[in-house]
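Okay, structure first, notes after.
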Amino acid sequence: MHATEPNTGHGSQRAIRLAPSILSADFARLGEEVCAIEAGGADLVHFDVMDNHYVSNLTIGPLVCEAIRPLVSIPIDVHLMVEPVDALIPMFAKAGANLISFHPEASRHVDRTIGLIRDHGCKAGLVLNPATPLSWLDHTLDKLDLVLLMSVNPGFGGQAFIPGVLDKVRQARARIDRQVAAGGRPVWLEIDGGVKADNITEIARAGADTFVAGSAVFGAPDADGGYRGILHRLREAATIT
C-alpha cells in the first residue's frame, strides 16, 4: 500500500484517518470529486460495492475503481457488500484497491478470504454489521489490518448512527489494544454509518481511529466546491488529546 500504514495508536493521541464514501458523491463528476477530497485532506477513498444480493442495492464495480485509481495517490478502501465475495477480490486488487474489507456472512471460509486478499497485495479487513458479534474476531484479529464496524445496517447512504454501536467500538478497541500490547499486529478500527461532525468526537472517544463519512462530507462542500472545510472540522472533532 503506497500510503497510510496501520498505526498502533500509542503516544499522546491516536492517528485519525478520514475516509469519505463516494457513495454520496456526484457520480456525474466522480473524477473531480475524488480529486477534491484528496485535496481537502482525506486519508482514504471509501468505495462501497453492493450487489443487490447481500444487500438490496446496486452500486459500482472494478471498472470505476480502475478509473479513479490514477486520479488520487491516497489508498482506495474497498468495502465489499457482495455474496459470494471471493470472485471479486482479485478484480478489485487488479483495479487498484489498497484495502479490501468483507462481511463474514458473505464468505464460506473467512480465513481463506482474508488470505486471498493478502495474497493479492492488499490490506485485509473484516466488516461487522450492528447485530454481528465481535466473536468473529476471536480467530481472525491477528490476521487483519482493519476491523470495520457498521453503525447502520448496510445498503444505503444517509442513515442515522446507531448509538448502541459505541459499546461495540469500545470492546473492539480493547481487543486491538490487548493484541498490540502482547506484541501483535496493529489494526485500524474503522466506523461506517451516520458519522457526522456532531457525533464523531464521541465515536473517537470510544476508540475508533478511521471514519467513513458520506453525506456529511459530500453534502457540505466549500464555496469553491472543495471539501477542506468539512474535512478539517471532522478531523478537529475526532482528535482526542
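Just so you know, glycine gets a Cβ as well, placed from its N, Cα and C.
Here Swiss-Prot has H46, D48, D192 binding divalent metal cation, and the candidate from H79, H232 in that same listed site is H79. All protein chains included, G194 (substrate binding site) registers 23 other Cβ atoms within 10 Å of its own Cβ. Distance from the CA of D192 (substrate binding site) to the CA of H46 (divalent metal cation binding site) is 10 Å.
Same-chain residues that are not part of H46, D48, H79, D192 yet have a Cβ within 8 Å of the Cβ center of the divalent metal cation site turn out to be A19, S21, L23, F47, D77, V78, S101, L148, V212. Fewest other C-beta atoms within 10 Å: among the binding-site residues S21, S215, that description fits S215.
The separation of S21 (substrate binding site) from H79 (divalent metal cation binding site), Cα to Cα, is 10 Å.
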